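*Asks:* Handing you this structure, nothing more for now.
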Amino acid sequence: MFAFYVTVYLESASANTVTKERGFGYVVVQMSSGPMYLADSGLGDVDVGVICKELGYDVSYKINPDSTTGYTRNSNYGMLVKDYNCAGTEASLLECPSADMQGGSPKAAVVSCSVTNTIADYTVRLATNNVVEVHHQSTWGVICGETFSKTDAKVVCAALGYDGAEILAVNINELYTVWITNLNCGDSDRSPAACPVTLWTVNDNTCLSIAAVRCYDQKKDGVYHLVNGGGNILGNHFVERSSENQNGLLVVDDINQNAVCANLGFKGGSMYDLPSPGLLPTNQAYWTATAKEGSSFSSIESSVNNDWQRVTGKVLDNLKTTVCYNTAYLQGNGYAGLVKYIVNGNQVMINKASLNQVEINLICSHLGFSKGGIIVPATMFKSDYDNDDIYDLNCDQTPTNLSTCTTTRVNDQTNIKVAAISCKLDNPLPVGVMGVFLNKKGIVHVNKDELPGRICNSDSWNDKAATVVCKQLGFDTAILSTERTEYDNGNPPVWFKSITCQGTESSIKDCTLVPISETDQNCEKVAAVMCYNMADKATFSLVDGNSRFGRVKITRGGKEGFLCLAKMDEEEAATICKELGFQDGDEWSMAPVVAAGTSWWSVSTNCGGDSEVIESCEGQTWEYVTPSNPSTSDCSWKTAAVYCYSRVRLETAPYLSYGVVRNSLTKVRFSSNSFGEKEATIGCKEMGFSKGGKVFPSGTFKKSKTPIAIRCAGTEQSLLDCPVINEATDKNLFASVSCTTDDVVPAEGSMKINDDYRVLIVRSGVWGGLCAESWTTNDAAVVCRQLTGSGGKATKRGKSDVKYATFKEPWTCSGSESKLTDCPVDSSAVDQACDDYAAVYCDNQQVTAVDKLVYTLPPGVVINQPTSSSPAPGTLSSLFISNGHPENTVPHLFL
């Protein structure tokens, strides 16, 4: 079929984004057959001017493709090799005469388009990821990073009004032109315009990196050092930040740990949770911020977003200890672990037999533990290592630091044991000999030799032993933990391989404890328990909904309030629903309660799949929040709500009435082979949809696990009452249902584009996505014409957080149809799941739906009629989505 020209645009970022607003990039011509790059050899300055005019700009500049960096063009696009001869008066490149060109290896054309401006040459600014952009030839370009010096960085930052500068290493995925290969600034220069710059020429090589810098005010920038956290047992292993004469301990989740230690003058290091919340420093101030993603950071300030907040008056339980090193570290939890030594840049193990007490103490001193250490069994730490990486450590008689020591590789490694040591802590543990404490995850720690360690989760770790631990800690109820007991190298040592209790002991010292030895196997799991007093047990109820759905209220210690959870996801919702007598549940989004005088229980916790009661969840903190007792946690915008399930449930989130059906408890799914209308009706009624439902196409939802086949008589109350039959099943074909609700069903074929450009269509009465396996530019052009009246191009999207249905209907549009449903469909397509989903970029696109923010009401529930505990009228609003016909408008709850 003849391919014809549709439109032109510039592409300068990832293939997922068309950054037309930049006015810079590869020239892409959208042909009817798909996108194609224009060849550089066929474009002159006048032709580039017409392209920019077509895009709405009045200034144009042709860029040498060899000077660009940062983004590799899309290998799926073709190359249009034509020699254009525009006169300059044309409104579009389509109007310019052109001729085919032959031979050579054409390069994709790059142009810069802009509007007339008065920006001075060599003006600088900082772009995304702190990339230094410099303005030249009416275009923002970059500076080559290989030659960018500290002096250059200082001059750039001085021009931007800062007196501090730090060079950064960055990765970019946008296309840039390299204007300057060397800025050449001197100490006396005050702006890049004053520097004797060297511009890029055709003789220069491509830059391997580009200049990026963090500019800052030295008076406000943080100064860091290690402190002891007010006399903590772990000594000088807390990072303190000082800014504008205000100090505080550093608390930044997921911060780059090597950047922290590099900022403190070390080569490497790690950060660790404290063994117990009871060991957290008190009466401290904190500096908090959010960490940037990535690993190429050389300082703390560059590795966080500039959103510092100083927190006082509370204890932050996510505070970590920091252990930095230059030569050696302990692969465990900082103060104990397998000895790792840096030899010629490589990390090696140390032969246990080569260590003496002086060398052990030297290693501990190197890590900031001044009281020395002891040898411990290496089996206390799970690790895998290569026998080729074992070395002897050789220090002189009176070594003062590890720099005077040498290492020698062990050639004969028969019966060689690797070294593991535990460094003594600065202060005694507050729990006494054989004292017990729990960390945030409920993992049991025992004080042995004034060092906290763990107990292996062997067969003897049972309810009796857990009861004794909780009794010793002053609690009357113990819940044995199973899922949250995985052991890894970031944890303290394991002191005991087993513990045997009768359950009547008052302390674990009265139980039988067997120490771990060098001949034992590594411990795979460690003992864990959650303790609480029955008098403090929370009870739950649902309001503003029905028996299985609503806002959550808690009564605890005689005090009632709405539940305000710091983290609320499927595990927490399921635990709450189990408390209410159900088997499973999901988070449900409802507008927060904002009425004056409202009370909350503010809870911070993390539940696992095995949590039956809220008290069994890890890391719990409870705070009762009232108008007279306000909290630093703002509960006015996160009132918890849940949707609960009995024996079966839908795989999708609860705001959809369709999806894969599964056993709530075992998560086993049903085969579509034997699942018919009777089974769909039983399942939907069981889940609260009184009008029943119908079978949905089995490939609508992507899953991969062998289901079971059932066949119902039609009189059963639950799908789990139906007999399982011996029938072949396909692991990709699951029973899916669409349950009948009172919602107004959109017209068949109604379409919209959500916020990640995914195309949604109404099929069988519900919204769903389209499979992208055969999605073409012609299909996308029809969708864009139907929804926006403009052109567009096809793209794909992966899995969505919102579990929409997916319809595998391979459209075969010619590109001229007025709407997608006019296109023929390949009826021979098999019913199977999709890996990618159809999406479009329309030229005049306005997205019409936002993922995770639009919720259909559950069956029979009306929540916009305030009760005594509901929000005041007007706090809920409705979002109406339509295909353009008022009679097909669908009411949704918008939160």
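Just so you know, glycine gets a Cβ as well, placed from its N, Cα and C.
Predicted automatically and left uncurated, TrEMBL annotations should be read as such.
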*Asks:* C52 pairs with which of C113, C144, C157 in a disulfide, per TrEMBL?
*Replies:* C113
*Asks:* For C86 (disulfide bond), find which of the disulfide-bonded residues C185, C501, C617 come within 10 Å, Cα to Cα.
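*Replies:* Checking Cα-Cα distances against C86 (disulfide bond), none of the disulfide-bonded residues falls within 10 Å.
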*Asks:* With an 8 Å cut-off on Cβ pairs and a sequence gap of 6 or more, do the domain 'SRCR' (8-114) and the domain 'SRCR' (737-843) reach 3 or more such pairs?
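*Replies:* Output yes: the domain 'SRCR' (8-114) sits against the domain 'SRCR' (737-843).
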*Asks:* Might you list, by sequence position, any residue in that chain lying six or more from C617 (disulfide bond) with a Cβ less than 8 Å away from its Cβ?
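*Replies:* C617 (disulfide bond) has long-range Cβ partners M530, E572, T575, T605, N606, C607, G608, S611.
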*Asks:* Count, for each of the disulfide-bonded residues C185, C195, the other C-beta atoms lying within 10 angstroms of its own C-beta, and report the residue with the smallest count.
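*Replies:* Among the disulfide-bonded residues C185, C195, the sparsest Cβ neighbourhood within 10 Å belongs to C195.
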*Asks:* May I ask for the distance between C96 (disulfide bond) and C511 (disulfide bond), taken between their Cα atoms and rounded to an integer number of Å?
*Replies:* 91
*Asks:* If I take every residue in the domain 'SRCR' (132-216) and average their pLDDT values, what number comes out?
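*Replies:* Average per-residue pLDDT within the domain 'SRCR' (132-216): 89.
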*Asks:* Where C113 (disulfide bond) and C185 (disulfide bond) are concerned, what is their Cα separation in Å, rounded?
*Replies:* 29
*Asks:* On the DSSP side of things, how many residues of the domain 'SRCR' (431-532) fall into helix, strand and coil, could you say?
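*Replies:* Computed counts for the domain 'SRCR' (431-532) are 13 helix, 38 strand, 51 coil.
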*Asks:* Give me the DSSP three-state residue breakdown of the domain 'SRCR' (8-114), ordered helix, strand, coil.
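*Replies:* Helix, strand, coil within the domain 'SRCR' (8-114): 22 helix, 40 strand, 45 coil.
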*Asks:* Whole-number answer please: how many Å between the C-alpha atoms of C52 (disulfide bond) and C470 (disulfide bond)?
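*Replies:* The separation of the Cα atoms works out to 73 Å.
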